[in-house]
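These notes concern the structure reproduced below.
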């Protein structure tokens, strides 16, 4: 029988379906707007209509998953006028009855634990899985095949297209993070956050609960954590790098009661999401120290921080009371969170106080440790041993590798991929969350109208194109990559609407990264399917960002000027633009071919549909000068993280913005040495150099700058040298009057600032040197 054939799944079939996505389905993304993309989707003719008369049939094993059945019936009751569809439980597993949704769970099935099979025919729907989790994810796929109006409106009937889908996740860990310390959010919003995660099959909620700026979880043994640590006297206004810094003067804070925490954890469980709490140690602990100063190296006084960054005062590793305190805290935390993992931070812990602390130095001697880095390893390993004894495992940021990794620790690699690679090669599990690709607090658009963010530039495409398994890993090492996670730090994100704006739709791109097979990913196809999800998010009152369809540009500098190509992912839109800095209107020039720019100006462009402007205005200033498009050689290549176009980016006519770090070349701990060939001996009136100086982002102005000239490219004559460059501005601009002829080659050397000083964000790490356009007049 046809129905039975669908049910007789074998492991072989699952391997085959990984590579099956018919072209017809790709051409009908509007009919099947499913995110993340399933392993196999085969379209069929017709549609099934869900109505109040539809019967939900579950086999005995599915019937035991009462919470799942309740979820399905409750969801369908909204569009069906508040009427729950009827439920019938039996052992039948043959040909489905007409006008039914049949749910079959068979734990002995070859379907993977979180996998499912979904068949929609004109007279029935059949959903099969080997676990309630798989059935839940299958229903979320069915949900996305319903019209968006099903989310919030009475429609009487729901029509879903006929299709056969076979699906399972690529990774077991599919995470999304939320910092509730810098800014706190209501319980109902946390539930909404979990709702949206589960709709797109993200299954790990990393809840950042403690830091320097607050303590957000009730610990009954230590009431001062609620009375003192949970509150700060005021909060920084604007960006950390703004000078002088300003504060709002308003007391800020709060915490989640244990009752509220249990409510959220249970809510997440019902949505097949595991909550992973983070309790920071040994660093990022000023809030705790403000209430219990005896746990710090100096004894205080301390106060809950009012600004952002990294601070020298951390838990004292030489004080036994520190460990008693943390073990008591973690005991209460374990009672609230039943999951396998607890995140203990371990990042950005300056060793300054430990170096001066008699108790910490005594601990180093007593334990036979080499230095303060090994002391941190001792700290982490001791906490890990305690948690292991209680059946739990730790996750820590990749700094826990320093000084020796705890035996059973899972590493969260955030500073890049290097930490994850090192941990996997040592046999440790890894969760990839590199900041360049998966930090959702970065800017997602280069529009000057974007709300203030920490910095960086991580658009939807950057997230989508991320590959969690580094190419350096293979075989058994690669299997240690459990998955990936998007992180949202909330220093500059004070409201729930702003959280949604930063997370969506980037979280949808992440969902496809961690669920779908790498071979299945296709960004253009994702954008087509995204349109349906954006309609659904609107129905759910989600304040998502719409930049993904805004006008974008690519510029190429040459001898004749700058050629600018404009485009939009919205294929039905036309682009209108201006070159005089004015706002583009429906009557502005229509973009039909690349634009040649031969003088300094500002280009603005926006997409129009049916005569109405859509999205945000693209805006970019361009510079024209003697070095534009000329040959450039670099002695040291910039970091792959900050290398938009290589050496030519120094003379491409595009000034950079530190808001988004676009158009900047970046060197980590290394000097820049560039040689520009003007092509022929020329009169040079001036040279302008531009360097980044955003210390909160670990970017420092060069320690020294040199400019040298040459006629033949071999013998260079020093012309300008400047040491001791300092500034409170985010960019350092140096204009050098020249007024000399017969110059063909220009060498610019910028010396890196070296190690970041203690007390600054990134202390102890190598500084970044950022260089922008070298303008030759």
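Each residue, glycine too, has its Cβ placed from N, Cα and C.
Sequence annotations record features per position, and here TrEMBL assigns active site, proton donor to 348. According to TrEMBL, the feature domain 'Beta-hexosaminidase bacterial type N-terminal' maps to 33-168. Residues annotated as domain 'Glycoside hydrolase family 20 catalytic' in TrEMBL: 171-517. Sequence annotations record features per position, and here TrEMBL assigns domain 'F5/8 type C' to 641-752. Per TrEMBL, the feature signal peptide maps to 1-25.
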For residue 348 (active site, proton donor), what is the tally of other C-beta atoms lying within 10 angstroms of its C-beta?
20
Using DSSP, how many residues in the domain 'F5/8 type C' (641-752) fall into helix, strand and coil?
10 helix, 63 strand, 39 coil
Treating G and I as helix alongside H, and B as strand alongside E, what does DSSP give for the domain 'Beta-hexosaminidase bacterial type N-terminal' (33-168) in helix, strand and coil?
34 helix, 47 strand, 55 coil
Across the domain 'F5/8 type C' (641-752), what is the average pLDDT of the model, as a whole number?
92
